[in-house]
Structure formats: structure tokens, C-alpha cells
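Notes follow the structure.
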Amino acid sequence: MTYASKYKKLTPIDHVLLRPEMYVGSIETQPTPMYIFDPEKGRMVWETMRVNQGLLKIVDEILLNAADNINNSKGSVRQTYISIHISDTGEITVENDGAGLPIVRSREHKMYIPEMVFGHLLTSSNYNNDSTSTTAGRHGYGAKLTNILSTKFSVVCRTDGRESHMSWTDHMRMATAPRVNRVDPKEKSVTRVKFMPDYAHFGFPNASISLDMKRVLHKRIMDLAAMFSKIEVRLNNVPFGFRTFTDYARLYSLPGLDGSMPPEPFVYTSPNGSVAYVPQLTQSPKRIVGVVNGVVTYNGGTHCNAAMDILDSCLDSLSKNFKKNGKVVDTNRVQRHFTVLVFLIQTQPKFDSQSKARLVSTVTMPRMPKNTLEKYLERMPFLEAHVNSMDDQLANELNKEIGAGRRLSSKTLISAITKLVDATSSQPDGRNIRTLIITEGDSAKALALNSLSSEQKKYCGVFPLRGKLLNVRNKNLKRLKTCKGLQDLFLSLGLELGKEYRSPAELRYQRLLVMTDQDADGSHIKGLVINAFESLWPKLLQNNPGYISLFSTPIVKIKVSGKSKEVIAFHSFRDFHRWQRAHPSARYTAKYYKGLGTSTTAEGKEYFADMEKNIMQLTVDARDHQLLDSVFDAAEVEWRKEWMTKANAFQGEVDIDRSKKTLTIPEFVHKEMVHFALVGNARAIPHCVDGLKPSQRKILWAMLRRHNSEASKVAQLSGYISEASAFHHGEASLQETIVKMAQNFTGGNNINLLVPEGQFGSRQQLGNDHAAPRYIFTKLSRFGRLLFPEEDDPLLDYMDEEGTFVEPHHYVPILPMLLCNGAVGIGFGFATTIPSFHPLDVSAAVRAMINGESAKQVVRNLVPWAVGFQGTVRRGPDNEFIAVGKYTAHPNGRFHISEIPWMTSIEAFRLHISSLASADVVQRIADYSGANHIDIDLIVRDGSLTTWAECETDLALAQRIYINGTVFSPTGTLSPIDSDLSPVLQWHYDRRLDLYKRRRTRKIGLMKMDLARLQSTRKFVEHFRQGQIDFLNATDDTLHKTCVKLGLVRVDESFDYILKKPITFFTRTSTEKLQADIAKTQAQIEELKRTTPVKMWLTELDKFDKTFQEYERVLINSIQKEQRSSSITGGVELPALRQPLLMLGASAKGATAYRVHACQYEKPPPSKRRPGESVGGARPSDSAARTVGKRLVGSRSEFKNKKPMSRKNNVKVSLSTRVAQXPGAQLGRLLPHVLM
């Protein structure tokens, strides 16, 4: 490809189709928390919907056209209705009466006005900048975007006795000629737009609208009806009929936990709009619904801020009144009791983009009497719960403890705070600001001290922050008592808790300079410092811009090759990447500064030589309190989820403009703090396709790359992985991750990707009892290349870390590893808990999808499981599961426990049993448990544990399994999936199948290249053997020309693969072998062409299944060998077997697999009894052999009468089932019938 061919010029239509996000927002369906109308409850509910913003926007454009017509319909022609119809196929029709478009030809453009307005970009009637205009349209895109992003689009316009018809197809490229007819002038003017969105382009699998999007559009149309309540708005012929805005606001009222309803909403309506404050009896994250001229601003804007300012102002006034009486109102928590609705009519509104998600222009709010809202707030029933006594006493106690408020001498201060290096001058000299530099740890402190000049040390002190800073939002002084770092910082500055500061003049230092690493953790420390000061002393920051300042150091330095040897420092990756684009052919070496410890003392002196040049001043205003509250307040989880959902998960750079000398709180939060949040989530939340977190992926990549069969010490291996994969965090955390990836005890990994050689932990402490990394060894397990085939490697998308390609963004294993091993992680605003499932069950699920079953069908039948577990997992309520251990009840209160839920450690279980002994429930304990098996005999007090339910509960033998998933989607965005794991299966299935297609294509291409090389070699050899090439007398140039003349292929732009062969290569034997290689390669190509991607997948699944079955057999045998050969005999065992593996698909040989936990009985069952029927009085034999995880395979005909997809056909031991299900069944009554 030439450089010129890379550059293209697109038509406007093609540009919209290729880059729709620039015009209508993202066309990727994303989980979005929002208000939605619940028809069963008859009110709004807050739910997470799967929303396609692009699709929503193109529908919105047509709705807004109909709404804009209300303002155009004045005088005698009034608009009376807007009618919307959404068909089952997804075709949408919007019709309205009113003024309508004139059906005349434009003299300038030679076409009818409807054709211009709906079929040509950049046409509009809103270009006159009318200062009184209240329409939503501004840019001339609107309905044309809907036309372009639809498969068909038609318009009917009737005005002044004329009616026009026109339609478009092929994304507005093809248009029918306008058809204009005469009609009765008395007929009402009508505009009817009908269109079919291109659902495939928006990523909808069935090319039709989803149920979630129907509900979202229903809510959107309700908002329109509330905005324009004077006209009738109907959906599918059903009018909404809001008589007043108060009717609409009442839909947001949420009943309390006891069913009581909150007070009526506070609603104020004026000619330019309505504002409603809807009280709720329980707290929730701050929620605002904003609409401007009919446009729903999903990201808020100036009108939403103004409405919150009104509420803040009233609450502040209320708080002052309470303060006079020695009380304080927690205004932040009171705010969380309100949902705010802002519906405004504004002249010439301006939005942040064509998608109009945020209003940016100045707004005029309805003028409401301030004291009216204050009186309303005073009557709120929840207000008293947030009126507390002043924290003065606690603040005074803490001030005494830390010595705050006292003027301490430098000597006394240093003895109190040993880490503080105080400025040598006690007073500022008028020219220099007395500054306290706080650093991230001692190494950064050393850099600062070594770099400051003697003159600078007169007015600059240095204090290192050690340990984790706490979040002290909402003046949490009790929590502050536990944070020594912040206490010492406040003492160093001379700050007193509970005191209001308006100037830093009375403090020991007049500026706080934060000097941290330029990575995500450094951003977090900056955020916590800013949060603490804004929470405790907001006026100090608001009245003194730059009191908190940030010190910026380079994150990348490059040394340009050449005579100049120029060194260029970059303070952001954005500037570095911009330089790279501007100098594509430049040669340079780069040094990355992820921590301050990377800088030399000489470099540090450069930073401080022009100290003010590297400082950014933080500016804070009163409105920033709400934003910081959203980021740091524990109650604002939903806000943080929305914040993270909208952010790009793989944003690798801090996007702050370092050339500016000031930084606002919104800039810091949305451009730097978000970086920490994204990185924190990336570390904690797994990827949906490979189930790995970044550190796990780095380890796996390094181990796959190593190709070694010998085990290495974990401590040494971590060093290799850290260097090879550019891991920038402590090796201790990497070693811990390596250990966890190798653990294979029951409840650890179902598939351990690394081999544990040594003590890697056990069920005793769920792996926490592993030996030190310097004593244990590991290597890649046999599953490594089975799950991550080497043929995949060239097709993966690799990360660029410090100019070097390292691990891929994500792997695409043959199985969804997230389901095989599960995942637990807590990120920023998000957490994930996904249990593990049996790998062979997951393999069967993938086979079922290959056979045509949907992900939702398949996932419905998966049950959490840990390999080696000998108990039972049963379904509970609300998508929960319950893992139950295995135990046997004997006469005289004796119990034998042989299994516990795999999430519980043996030590924790032993501690629980000991507590029962202390309570005199358990009278005797005999513990024979090993590292990985449970074997405990108990004798309980007579009368205790009389029912099966009590046994499970009191002995902690049952544990709930919750599924609450959040994962990174294939595109790298955070996707909450809750308890529905079907997206994980579907995402993995789509990616893996696509990879097989690409792998097959690549392999065929490589084999064809090999074939061409072999054929060229044969052609040259034949000419040589026939004497047509005089090899001995030929020059290199002559041989090269001969190869060109013969039409031989080049390899790496040369013919060396032929010309540098040894002379023995031209013998008859070699020639015959060459011919055989050609025939073999041709046969392989033909065989590969006949092999489908699905067949390739099934072949690799068969290899994995066979290997894992052998691995599981060995593992279970090892567990059973550790168990006692005999224990207390006789008794009733519950449960005796696991629910069967539900039929999920056929294997390659047409057989269907089931997993059954078998149980044998001392008395032979009746000859006519079928498996699973009642057993009468037979009792299980403790000495009888039990097979755990046995795989029974039979032909499909053998199981044709079974319906394993149905939960009703699960195999159970009827005796245990009957005893467990007998209402109030007591062991005292039941045991005589079943025990001898």
C-alpha cells in the first residue's frame, strides 16, 4: 500500500455512516442507569437499561421536529397532537398537525421544501439566529441523520390544499421523485414521517428493536408529553394525558419501606418552564431529569446545575437557622431525598454537541419565592434524621490529640512529626510563598530535599505522606482519628478542625504543593488530599486559588538521535503522542518516568530550578462541592457507575493541558481522577472474553512466551515477568497473583494455568497458607496451550507499553475462562462476583451454542461448581444458588461431616464448630480433616439440631452463591451484567468463532506461500538438473536475473532460500523429497479448505475435555486417598448426589454426556425401580463405593426419554429429599424408621 492510498475523502453520507458517534452519539448498546416507567407499578423506577444512544437520537430528531412545529403553529393554525406509532417490526411513525411545511419549490435550489428539509444535509429554517427562537434544531442535520441511518424513510406533508409524498432508501442515497397532489383546502395540515432504522447498523442482532429500547422510547415520549401538556401526545393511539406538570412529577414519588407515601412534590411553573423537587422517604444518589425545549439532556447541564443551586441555597439557609440552636443539617444527605425535574423553554439553547446530551448556554430559571421552598423543606419528615448535634466536642478532642491550633516551635514540631523537614525561615519574606511540599513516600521526599536549593529551603518544607490516606468526606472525624498521615499534615500546616479559614495568612504555610508520581495512584493521592481539604475547610480553598497546587514532572523524556542529541521532556502522553505524529520518521530513545524515584538528583534540580513553571494552581468554587461529593461520598455509587460506564476503559493517558497554569475541580475529576478510576477498575474487573485481569494476563503472556518445561522459583519468576511485561507495581503483588493462578485445591482454580510445585495453599485457609514465594516453584500447566493455542498468537491485538509490544488487550481462549474459574473484584464504583462453573459443563455449553442454542438457553442450565466438591448445589430464590456440604446423621446425636461449601475454609468451619462447643450445642469434636478434605465427627447435645434445616444452618453447611457480574466488554467498556451470564457466553462465542475464521484464512495463506516456495524451488532444481543453469560460471547478478525470468517467488525480497542451498539439495533423493513435500502441502491445503471454523473448535474442545477428565480423575482420587477408609457406620446421608449435568449438547461422536454423583444401598432396590425413584426404607452404605464426578456417556437414544433441560427431571435421592422436605420433620421421629 502506498502512502497516498491511505488518504480518503468521504461523502457526507458515508462520513455519517462511518463515524456516526460524531453526529448521534455511540451506536454501541450500553447498560445505562436511568428512570423508566413501570406500567405494573404505575410510576417511574430506576433501572439499568441497555440503551443505544445513537438509535435513541435518530428517533429523537423526528420527535423534536414535531415539537418544534408547536412554536411555528401560531395564529389560526394551532397544533393539537403528536402521534407516535412503533410497530412490532420496529418501524416508527411520527405524525403531527399544525402549520406544516410549505409545499413549494425553492427558486434557489430548484426543489420542493420537504425534499430539502428531509433529504439534504445542512438545510434548516433555524439559521437566522432569531433571538426569540425556542426550537431545538440548530445545525441543519436533524431528520437527515435519521434518513441516513434508516433502511427506508418516507414523508407525507399536507398544507394549504396540497399534499406531497416522497421516500428514500439506501441511507438517503436513493430518492423517489416528489409526488404532489391537490387536496381539499379544508383538510387539516399534517406531517407524517415513517422510517425503519437500520437496526443491523446499530448492532441489534435480530435487525429489530429491543424490548429495552421500546421502554426507553416510551419514557422519552412521556417526557415530551409532560413538556407540552397543552397538546395531546399519544403512543400507539394511547394518549398520556398529563393535565398538569404535577401529574407527571407524582410518577417519581417512591413509597417508603413501610409502604407509606412521601409528601407531594414541590412544583413551580412559569411561562418559561417548570421545576419540581420530588421528595423520597429513603436516600438515593442525586438524580436529575433535565429537558430543554423538548430535548432530554441525559448528561445534565447548566439548567440542572441551576436547579440544584436553588435547592442548595435553601438548604444552606435552613442549616444556618439550625446552627443558631447548636445543631447542624447534613445538607448532602437531605439532597439525596430529592429527585429534581427541570423542564425549561429557552431561547437559542446551545448544547455541547449534535447529540445534545448537555446544555452549555446560560439559562433563565423560573423565579420562585425562596421562602416558599424553605418552608416546604422544613416540613419534610426525613429532615430530623439529618439534624445532628455539632461535632465541636469531637473536633476539640481530636485537636487536643494532634496538637492543632497551637503555635508550636520548629523544634517542638519536628519532635512531634519526625518525617517533617520544616522550612528554615519562620516567616515569608514577601517575595516567596511559604510552601509545604508533600510527597508520595520517602523516595520522593529525598528527591525534593536533594533538589531544593539552600535559598528555597528557607521557605519550602517537605513532608512525606506514608500509608493510605483515608476518605474523610462528610467531616467523618471519627475516621480521621485513625489516619496519622492526615493528622500530621494538618499539624504541620497549623490547621485546626472545626475552624473556618478565609485566608492562609494565619497558617504556618501559605501554600500546599502536592508532588506525586504521574501515574494513576498519584492521581488518587491528589484526589484524597483535595477531598480532605474541601470537606473540612471549603472556604480556605474557595477564597484562595492556588492554596493547593500540583507539581508536574515529566512522564516521558526522549533523546533525539543525530548531531543535536536534543532532549525533550513531555508532561503528558497526549503531548508525546502529538509529537510522534508530527515526526513520524524521527529516531529517538525514550525514558518513561512512572514514578518520582526514576528521576535523578540532576533532573530534580532541573525541576526546581524554575519551580513556578512546573506548578498548576487549583481553583475551587462552591459548586465543586457537589462534584467532589459524587466522587468520594460512599452513597453516590450510582453516580460513579454512570461516570465509569461513559468512560473509555482503556484510556491510557491523563488528558490535562499541562501548559495551563490553573486547574479547575471539574478538569481534575474528569481528566485525571477518572484515570485512577479507570485503572483501578481495569485492575479489579476481569475481561469478559478471557476472564483475566491485567496482572494475570501479563503473567500468562510471559509464561507462554517463555516456552520452558522446567519450573522456576516464584520469587525469581516475578522479576522476569515484571521486566518482560513492563509491570510497574510491586513484585510482591505479582508473586501473590502467580501463587493464586497455580492453586488447584477445591475452591481455588477449576483450571490452574500454572503448576503448583510446593506448598501453594490449601482448603485449610483457602490458599492463604501458602509458603513464601522464595520456596515454591511453578511453570506453565498443560492447560496453557490447550486453552490458548499458539496459532492464535499472531492474530491478537497487543498492548504498547513504553514503546514495546507486551501482552494482548485480551486473549480469546477456547472456553470462556471467566465461567471456568470465576472472578471476584472491587473497583471504583463497580464490583464483580462471579462463581466458578465446572469446565466440562462450560465446554458442553459452548458445544450447545455451536449446535444452535442461544446463550440465554444454555446459561440457564449452568450450576456453580468447584472441581472436587462432593456436596450439592441447589437453586435458591432470585437467581441465587446454595452450596450444601455432605453430612451423615447417626443415633444419639452423632454427626459425620465429610464436605463443606468450597467458599468456606476448613479453619473458619473449625472455628464455627468450636463456637458451638462453647455454647454447649456441640459436646465433642473429632477432627480428622486434612489439607484438602473434610472429615469431622461431632456429638451434639440431646435436643439440638432436630431438623435438616437446622443442621445446614447451625452447622454452617449451606452457603449462598450470588452472581453480581461486572465485566469489561470486548470493546473495553465496563458492562454491568448483574446475574445474567449469557452476555459472557455470547461475547466469547462471537470472538472465538471470528478468530477461527481468521486463523483458518491466515493458515491457508501461509501454506499457499509455502507451496509457492516449494514449487519455485522445484522449478529451479529441474532447470539445474537439466543443465539449463550454469551454476558454476554464473555471477550473483546472473542467477538473480535467471530466477526473475523463471518467475520464481521471493522470500523476504530475495532468492536466498534457493541460491544458498547446499549442493546435496540438487540430488535425485532431495528432488523426490521435494516433490513429496509439494504433494503433502497441496493435500493439507485442500484438507484445511474442507475444515470449517466450527470443526476446528470442536477438535480443540475434544482435546481439552479428554485432558481435563484425566486431570479431574487424578485430583479426586488424591482427595479420596486422604479420607479415612471407615468412620462411624450407619446413618442417613444428605445429600447423596449432585444434581445431574443438564444436557447441553452433543459431542463430536454424537453422544450426550451427563455427570451424576452415584449412591449405592445396602439392600438391593426393587427390580422394577428406575433410577431416581423412591427407595423405601433402604439406607445408604457408608462403606459402599461412591463415584464423584463420574462421567456417564451413552448414545442419544439411551437418553431420549430424559429431559435434562428441565429442572423437574433432576436425579435425587428420594430418601434424603423426603426427609429434607417433610414439614417440620424431626430427626427424633424419623431416625427409628431408617436406622437399625
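Any Cβ shown, glycine's included, is placed from N, Cα and C.
Computed from a predicted structure; not experimentally measured.
As annotated by Swiss-Prot, domain 'Toprim' applies to 434-548, with the evidence given as sequence analysis. A mean pLDDT of 86 is what the model gives for the domain 'Toprim' (434-548).
For R774 (site 'Transition state stabilizer'), the same-chain residues lying six or more positions away in sequence with a CB closer than 8 A to its CB are K713, V714, A715. In this structure, R774 (site 'Transition state stabilizer') belongs to neither helix nor strand by DSSP; it is coil. Annotated site 'Transition state stabilizer' per Swiss-Prot: R774, in sequence order.
Every protein chain shown contributes to the tally, and the Cβ of I826 (site 'Important for DNA bending') ends up with 13 other Cβ atoms within 10 Å. In three-state terms derived from DSSP, I826 (site 'Important for DNA bending') belongs to an extended strand segment. Under the heading site 'Important for DNA bending', Swiss-Prot lists I826, citing similarity to another entry as support.
Taken from Swiss-Prot, the feature region 'Interaction with DNA' applies to 956-965, supported by similarity to another entry. Counting residues 6+ beyond its ends, the region 'Interaction with DNA' (956-965) has Cβ neighbours under 8 Å at 831-835, 864, 873, 876, 879-885, 887, 897, 900-901, 903-904, 909, 912, 976-981, 984 in the same chain.
Residues or ranges marked as region 'Disordered' in Swiss-Prot: 1161-1211.
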Number of helical, extended and coil residues in the domain 'Toprim' (434-548), per DSSP: 55 helix, 18 strand, 42 coil
